[in-house]
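The next block holds one structure in the form of structure tokens; read it before the comments.
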Amino acid sequence: MKLKSLLLRYYPPGIMLEYEKCGELKTKSIDLLDLSPSTDIRALVDEIQEAEPLITASRTDQVKLLIQRLQDKLRQHKDHQFYLFKVLRAHILPLTNVALNKSGSCFITGSYDRTCKLWDTASGEELHTLEGHRNVVYAIAFNNPYGDKIATGSFDKTCKLWSAATGKCYHTFRGHTAEIVCLSFNPQSTLVATGSMDTTAKLWDIQTGEEVFTLRGHSAEIISLSFNTAGSRVITGSFDHTVSVWDAETGRKVYNLIGHCAEISSALFNWDCSLILTGSMDKTCMLWDAENGKCLATLTGHDDEILDSCFDFTGKFIAMASADGTARVFNADTRKCITKLEGHEGEISKISFNPQGNRLLTGSSDKTARIWDAHTGQCLQVLEGHTDEIFSCAFNYRGDIIITGSKDNTCRIWC
């Protein structure tokens with residue numbers, strides 16, 4: 001094996017190794033999830049060299065420099081204040097979702113007007129209108145990290161695959177017998193998965209446009225779906241109160257997660273694929289061992305339904321948002337609540353960490369989004385201006401741009 005190059009991955013912190021093995025170019029990653037601005041670089045490099053034979057003594061200075069750059073990145077945006085940059089009157093009918101590409105250079109909006117629109121973030125200019133669906137465009141996504149394709153899932157029971165560069169439709173995936181309400185690309189951008197009100201999920205081949213597998217087993221609508229970061233597993237959450245984990249290569253069910261006593265609202269893996277987090281209308285989140293499907297903890301404290309939940313990029317912290325108007329942050333190791341986010345005057349439907357993991361973004365029916373200190377729970381900023389509830393909000397990859405989408409038919413860009 002011969003090391004060809006070292007590449008940085010800023011979030012979560014890591015170093016990508018490109019190496020040659022038997023004439024073939026391969027990649028592997030060194031995850032530095034515990035890296036902080038105060039980490040001893042020399043000790044960390046010694047640790048890396050001990051564990052990874054490709055990092056020889058001749059590469060020591062280069063690795064030190066890369067780690068220093070990662071630490072510098074972790075220090076950035078700590079006290080970033082966001083200001084309203086643009087208001088986009090995006091569609092003639094209400095929006096359903098917004099999504100950013102990895103760099104944050106453009107974003108997409110789905111709408112009840114049966115279209116998806118692609119926007120330039122810097123100028124606020126509309127780049128393309130993706131037309132062709134015959135009903136509400138509800139689920140939308142870029143194939144990040146590449147960002148050259150867009151998938152749209154519709155109440156017309158189809159999913160379409162588009163070119164982000166030209167707006168051309170590559171494929172229309174047909175086969176579901178009810179509305180498509182969630183979708184996700186695998187990290188390799190070879191498959192798109194769709195979840196439907198028909199109780200099934202389907203995996204589709206991006207190149208051929210053919211259906212690869214149908215995932216059957218739920219007895220009610222599938223409303224949450226995602227891949228793990230390896231692309232080897234798919235997780236589906238359903239109104240039947242259960243979550244299922246599937247093998248993405250065979251389409252076979254690996255196990256069911258049974259324990260919630262109401263509809264599932266969210267289901268996802270952490271970064272290193274060791275944990276699964278599920279949120280439910282039963283007012284709790286549950287933490288599961290992704291290896292064997294055993295429940296590790298039930299996270300309680302909310303007085304109403306859990307509407308959204310997430311891990312930070314390192315998988316060390318969990319955030320959950322509730323219809324009771326508050327959010328909570330838990331330590332994933334101790335399973336203890338470390339802080340409570342109070343201040344919204346309506347239910348919180350969206351919550352996400354910034355890439356650095358030190359800030360949380362929430363979107364609420366009180367028409368505001370808020371930015372919080374993820375560890376103290378202090379509200380740092382209120383993003384005001386929307387005239388109806390905010391149902392979607394997201395950070396870009398660097399954490400210095402926020403997009404909010406509202407039922408007032410507008411998107412706002414904050415930077």
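We count from 1, first residue shown onward.
Heads up, the Cβ atoms here are built off N, Cα and C, so glycines get one too.
Keep in mind that this is a model prediction, so the values were computed, not measured.
Residues annotated as repeat 'WD' in TrEMBL: 88-129 (among others). When Cβ-Cβ distances below 8 Å are used as the criterion, the repeat 'WD' (88-129) is approached by residues 135-142, 144-147, 150, 152, 154, 162, 164, 166-167, 391-398, 400-401, 403-407, 409-413 of the same chain, each at least six residues removed from its ends.
Below 8 angstroms of C-beta separation, residues 96-103, 106, 108-112, 114-118, 178-185, 187, 189, 192, 194, 196, 198, 204, 206, 209 of the same chain, each at least six residues beyond the ends of the repeat 'WD' (130-172), sit close to that stretch. Annotation comment: TrEMBL describes 130-172 (among others) as repeat 'WD'.
Marked as repeat 'WD' by TrEMBL: 173-214 (among others). With a cut-off of 8 Å between Cβ atoms, the residues of this chain six or more beyond the repeat 'WD' (173-214) that come close are 135-136, 138-146, 149, 151, 153-155, 157-161, 220-227, 229-231, 234, 236, 238, 240, 246, 248, 250-251.
Under the heading repeat 'WD', TrEMBL lists 215-256 (among others). Taking DSSP states H, G and I as helix and E and B as strand, the repeat 'WD' (215-256) has 0 helix, 22 strand, 20 coil.
Across the repeat 'WD' (257-298), DSSP assigns 0 helix, 22 strand, 20 coil. Residues or ranges marked as repeat 'WD' in TrEMBL: 257-298 (among others).
Annotation comment: TrEMBL describes 299-340 (among others) as repeat 'WD'. When Cβ-Cβ distances below 8 Å are used as the criterion, the repeat 'WD' (299-340) is approached by residues 11-12, 33-34, 262, 265-266, 268, 270-272, 274-275, 277-287, 346-353, 355, 357, 360, 362, 364, 366, 372, 374-377 of the same chain, each at least six residues removed from its ends.
Per-residue confidence over the repeat 'WD' (341-382) averages out at a pLDDT of 97. Taken from TrEMBL, the feature repeat 'WD' applies to 341-382 (among others).
Residues 10-11, 77, 80, 82-100, 102-104, 107, 109, 119, 121, 124, 346, 349-350, 352, 354-356, 359, 361-371 of the same chain, all 6+ positions outside the repeat 'WD' (383-415), place their C-beta atoms under 8 angstroms from a C-beta of that stretch. Feature annotation from TrEMBL assigns repeat 'WD' to 383-415 (among others).
Counting residues 6+ beyond its ends, the repeat 'WD' (341-382) has Cβ neighbours under 8 Å at 10-11, 73-74, 76-78, 81-82, 304, 307-314, 316-317, 319-329, 388-395, 397-399, 402, 404, 406, 408 in the same chain.
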